[in-house]
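Taken from Swiss-Prot as is:
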- 1-29: region 'Disordered' (REGION)
- 1-11: compositional bias 'Polar residues' (COMPBIAS)
- 12-29: compositional bias 'Basic residues' (COMPBIAS)
- L185, G186, S187, G188, S189, Y190, G191, M192, V193, K202: ATP binding site (BINDING)
- D297: active site, proton acceptor (ACT_SITE)
Amino acid sequence: MEQLKTPQNQKTRPRNMLPKKKGKELKKRPCKVKRKLFGSENIRPNKKIPLASDVDNELEKKRGSMIRKRSETDLCPDPSVTDLLCHESLTVSPKFERDGLSACTEFENFMDTRKIVLSRNEKSVTDLSAHYPVLCNLGIFERIHSPFLFSIHIDTQSFSVVYVPHKESSCSQFCEPEKNMARILGSGSYGMVYDLNNVAIKASDDLESCISSYVSGVVRAKAGAQLTSRECVFKSLLICNSVCLNHKISLSKTYDTDLYKFTDWKLENVENYYSIFCNLAEAVRFLNMVCKINHCDISLANILIHHKEGIILEAVLADYSLAEVHPQYNGKCGILRQFDHRIQIVPKSYNKLCDMFNPGFRPMIAHKIILVEVYAEFDGKGNPVRHCNLDLCALAQVFLLCVIRMLDERGCREAQKYYENRLFTYSNEACTLNPIKYPLEYKDACCKVLAEHLVLFGILFYREVVDMFENLYDFLHASGDLSVRDLLEETYVNDSRDVRRQPIRYRHAQLQRHEIGQILLNDLQQLLSIITISDLEKDPYSVFRV
């Protein structure tokens, strides 16, 4: 144990120091981590996003943008409800096992309303397998081409079940992309992403396939798609339009690039960018307020775009590997898998803040809570508004970096090196730490990320940043953690001294004089200023509206 001292020479609690690795330096790449905080010995960092300096030599390469990260949930649900077997074979049950006309009428009504009401028959409400003659019905799968949500009602209980069809033709065509000479778009701990004739083929694990299938079915149904729809973009959300749960393969469409790699920012296109930002904000609102799903991994790399000459033609939010249903729906959401006739419950949502978001894009309020309690859960209070605003705050961190890139007179590449590299270096430090083994060190890493968020906030909002800093400083002081309080102050003061506003001052003034620019800055400030729980109660529809 080593006794540490604060800059004011105050003694703090002893810390377990990290073991030093000889001959290895930390790779300077921002990353995200999805950890199993309970009952897992297999804790691995996920794919990292390179710093600007790391990709300079690759600018000439045409890269795909389907960059994904692997999902690992914290805990499995109760084993009794994880896999509910549907004992009836789909191949021998084309219709309801009831009397002729009434059964046919009931089936058609089910397909029209996408709802079915069942009697409990003195069974547990979670034992959906008791109703397999109705649920596992070949006629349902024959009517859909992509994952689709159906509501199951048993007495007063309701379940959201996404039917996932299995197409042998797609399986033979896409489930062995290496043999089909598919081009590699990206790779990581989640597996590989390939491009085969503009079809993005993603290989993942069972848990990620489950949550991705569920999100796909819910978004498709809530957006009002037809049962036969094969589209994979709804409300600016990119979802898979086909899933093979046998081989853990999902299909969607490819895009030109992602926001991290996009460098052609131009101030004269600010109206176009604001419109795109509004569409992305609407995607977050739809996902949370309508679908009751937290994205939990909004970042530059997870926003895919088509663009031409500095104009963003289309932008979509992608990658649901870390997505979680709002906790009040735990145990009530699942997927019905045609290929093996099983109902699989969607993994339980624990809402652990240290498991949510890339640390570099994590909302400041989340970092603030982590600095007091590393294992804290996000308290959504069963209110989708809080969950929605949390995702919007992460989206605002993305927009902040985009605006800074647009305003830097030296160009986007210099802006990335000058303003982003330190943030992503701190973020990487947090990614490489296991908060269970090294909770104090993880806190310190998050503290430095939070300080850098304040520095970048002050680049655009230099008058408001003082109040923000003092609010956070006083909060940490009241919590009694003097070492973290002083680390925040030291990092913020030192990093602020190193960063100049000069490269963005002229264009920043131009943006402030532009009508849409004023609205953009105002909306951005409102979201970035959310640093208390009460702030999360604000109307999520009040910002970034076309």
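Cβ from N, Cα, C; glycine included.
For L185 (ATP binding site), the count of additional Cβ atoms within 10 Å of its Cβ stands at 20 [all protein chains shown]. Secondary structure at L185 (ATP binding site), as computed by DSSP, is strand. Cα-Cα distance from the residue listed as 'active site, proton acceptor' to V193 (ATP binding site): 18 Å (rounded to the nearest whole number). In this view, D297 (active site, proton acceptor) is surrounded by 26 other Cβ atoms within 10 Å of its Cβ, with every protein chain counted. In the three-state DSSP reading, V193 (ATP binding site) counts as strand.
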